[in-house]
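> Sequence annotations record features per position, and here TrEMBL assigns repeat 'WD' to 20-51, 197-230, 240-281, 364-397. Annotated domain 'FYVE-type' per TrEMBL: 283-354, in sequence order.
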Amino acid sequence: MAAEIHSRPQTARPVLLNKIEGHSDAVNAAVLIPKEDGVITVSEDRTIRVWLKRDSGQYWPSIYHTVSSPCSCMSYHHDSRRIFIGQDNGAVVVSEFLISEDFNKMNHVKTYPAHQNRVSDMVFSLESEWVVSTGHDKSVSWMCTQSGSMLGRHYFTAWASCLQYDHETQHAFVGDYSGQITLLKLENQTYSIITTLKGHEGSIATLWWDPVQRLLFSGASDHSVIMWDIGGRKGRTLLLQGHHERVQALRYLQLTRQLLSCSADGGIAVWNMDAQREEAPQWLDSDSCQKCEQPFFWNIKQMWDTKTLGLRQHHCRKCGKAVCGKCSSKRSTFPIMGFEFPVRVCDACFDTIKEEDRTALATFHEGKHNIAHMDMDPSRGLMVTCGSDRIVKIWDVTQVVGCSLATGFSPR
């Protein structure tokens, strides 16, 4: 179906359509059911629930299934009606269920002994009949859904926290609590490590992979998002800073070239990735200010020779030079490098920033609840968010992302 791209009013914001309440503990994942007025949720309260919209306009559970331990994550494949649930118990498992076509019944199919600690993320691949999962036992594992057997496992030095998988090439991207992302090529009974990506200063909380443009997006506890150009020859990386808390959910929209990111404090950011952007510079090392040449406090020799006290080192976000506080007294936004809120720049760089350079390349909205997970259906302009406050929210984001179907869809 063709799509229309509409201009986005500056005042456009997500519109709350429905609020689902009823869980007694944190909701760890929620997904929209394609072509249905429905949502699937999994929770720390040990339940898997399928919510369908009734004639009253409210969502009520058509399936309420209780398992033996908290549900930490899920992967749902709509065409086959298969759902995989990650759990958190002594012998941590991944459980597979089959949902009936009318969404009123769910049968247990198989259990996979995947990890020795909490399952943090998972992806089901129908193409390879694999379920790939990560866990707090510091591992990624991949299992055959036909035989139920373990095909392989790789261990990291830190908790494996999130996962993305390329179904065509069988590459897995795994983020961990050390702030590192590992790219692996998975095979039957074997694997190879392709590369590791380092750029975040905190644990990786979420990943999103776009197989068409071959872009990887990562969000972390350092409040930042990084775009990794995996397909580009130069390996370009773009830093995006605008959140004030841990970034916990990402979604890239190919049609409109926008990135949506959600943080733990309920912040929802929409980044224009079609705009011309520049890489933020690497921070330079120096024993003295690269502007006034005054020594930093560890430069004992220069402090002794000049009979001056050492200064604290800072860095200009625009040029990357090591500078003292006096030479970097000004603050400025610089969206072209991803800085949507004022950051430290040296006085020389501040003078080169024009007013048009400060034009925002992202919009920010309030979800007004903790967001631990987010799912989208771009064709319908819908988004669902959930988190530790036990609330699930369904949003109309048609005006925010500027995309809706040309076949007469109107937000519900």
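Including glycine, each Cβ sits where the backbone N, Cα and C put it.
Please go over these features one by one and say how buried each is and what sits next to it.
In the predicted structure, the repeat 'WD' (20-51) carries a mean pLDDT of 97.
Secondary structure of the repeat 'WD' (197-230) per DSSP, as helix, strand and coil residue counts: 0 helix, 21 strand, 13 coil.
Within its own chain, the repeat 'WD' (240-281) is flanked in space by residues 3, 5, 14, 202, 205-208, 210, 212-213, 215, 217-221, 223-227, 317-320, 336-341, 343, 361-376, 378, 383, 385, 387, 397, 400-403, which lie at least six positions past its ends and keep a Cβ under 8 Å from the stretch.
For the repeat 'WD' (364-397), the list of distant contacts is 1, 3, 13-21, 23-32, 34, 39, 41, 43, 51, 59, 242, 248-251, 253, 255, 260, 262-270, 340, 403-405, 409, 411-412: same-chain residues at least six beyond its ends, Cβ to Cβ under 8 Å.
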